[in-house]
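The feature transmembrane segment is assigned by TrEMBL to 43-63. What TrEMBL records for C72-C87 is disulfide bond. Here TrEMBL flags 101-251 as domain 'Cupin type-1'. The feature Mn(2+) binding site is assigned by TrEMBL to H149, H151, E156, H197. The feature oxalate binding site is assigned by TrEMBL to H151, E156.
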Amino acid sequence: MLICNSTITINKSSCNHKFPSKTYFISTSLSVSLKQLRRIRMANRILVISTFISISFSMVASFEPSPLQDFCVADPTSSARVNGLACLDSNMVQANHFSFSGLHIPGNTSNALGSAVTPAFVGQIPGLNTLGISMARIDYAPWGLIPPHSHPRATEILTVLEGRLLVGFVTSNPDNRLITKVLEKGDVFVFPIGLVHFQRNVGLGSAFSISSLSSQNPGVVLVANTLFGSTPSIPNDILAKAFQVDKSVVVKLQAQF
Ligand SMILES: *[C@@H]1O[C@H](CO)[C@@H](O)[C@H](O)[C@H]1NC(C)=O
């Protein structure tokens with residue numbers, strides 16, 4: 001990497017590499033001393049390092065912070081407030097804190113939507129705390145639906161393990177472009193962070209998929225429940241105007257959630 005011979009070393013094995021002297025703009029003064037040359041090289045390195053660091057920060061700052069220790073198994077009993085859950089004393093940590101069982105068991109899809117989510121988030125696996133990753137199993141009855149929703153903190157990558165799914169997401173305003181695909185067993189699809197998406201079983205039998213999410217706690221915003229099932233309700237004149245429909249339509253929708 002570019003960061004060698006400095007206080008920050010990413011990969012020591014790559015540090016034999018020297019910058020080619022052509023990189024440095026010293027042509028204006030041919031009588032530049034070795035000391036000055038070193039200073040210029042150092043200044044260039046500092047610039048490269050600071051640019052690299054600022055780019056890295058701008059890329060990761062909006063996601064979960066990188067852990068500063070091997071692990072921080074969640075201690076749900078702690079009252080300490082951090083961005084995530086407080087860490088359990090590492091001497092108390094057991095293999096079970098990193099484990100979850102039962103993802104082979106189908107969820108109960110006997111509900112109005114015909115679908116069931118079995119999460120393996122930080123609530124189920126305390127060892128996921130601060131690590132920025134989690135997973136879930138989703139079962140679908142025939143024509144079962146995971147209704148339009150978004151994950152405020154995670155990109156999701158889904159793989160179909162049984163059946164056939166129609167999946168889709170909508171890009172942000174003003175395009176609002178619907179991107180859909182029918183997935184067969186073994187197919188993988190990505191739902192970018194924050195975008196509204198859905199999955200529907202369009203096969204003949206039941207289906208199931210496994211999703212991985214780029215957060216220990218992805219969060220779910222169900223579009224219909226958020227708008228029509230909030231507590232307290234969003235005033236129905238606001239919803240009537242937002243959806244450009246009569247208030248009676250809003251009242252009807254609110255009654256469903
Ligand atoms: C599935 O859920 C339905 C509705 O809540 C319930 O009546 C049924 O007993 C459940 N089935 C199983 C196997 O748990």
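Along the chain as shown, the residues are counted starting at 1.
Just so it is clear, glycine is given a Cβ too, placed from its N, Cα and C backbone atoms.
Features as recorded by TrEMBL, highlighted on the structure.
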residue	record	Cβ neighbours (10 Å)
C72	disulfide bond	22
C87	disulfide bond	20
H149	Mn(2+) binding site	18
H151	Mn(2+) binding site	23
E156	Mn(2+) binding site	23
H197	Mn(2+) binding site	22
Three-state secondary structure, which DSSP defines for H151 (Mn(2+) binding site): coil
Extra residues within 8 Å (Cβ to Cβ centroid of H149, H151, E156, H197), Mn(2+): S150, A154, F169, F191, L195, V196, P218, V220
Length of the line joining the Cα atoms of H149 (Mn(2+) binding site) and C87 (disulfide bond), in Å: 31
Cα distance (Å, whole number) from C87 (disulfide bond) to H197 (Mn(2+) binding site): 33
Averaged pLDDT, computed only over the residues in the domain 'Cupin type-1' (101-251): 97
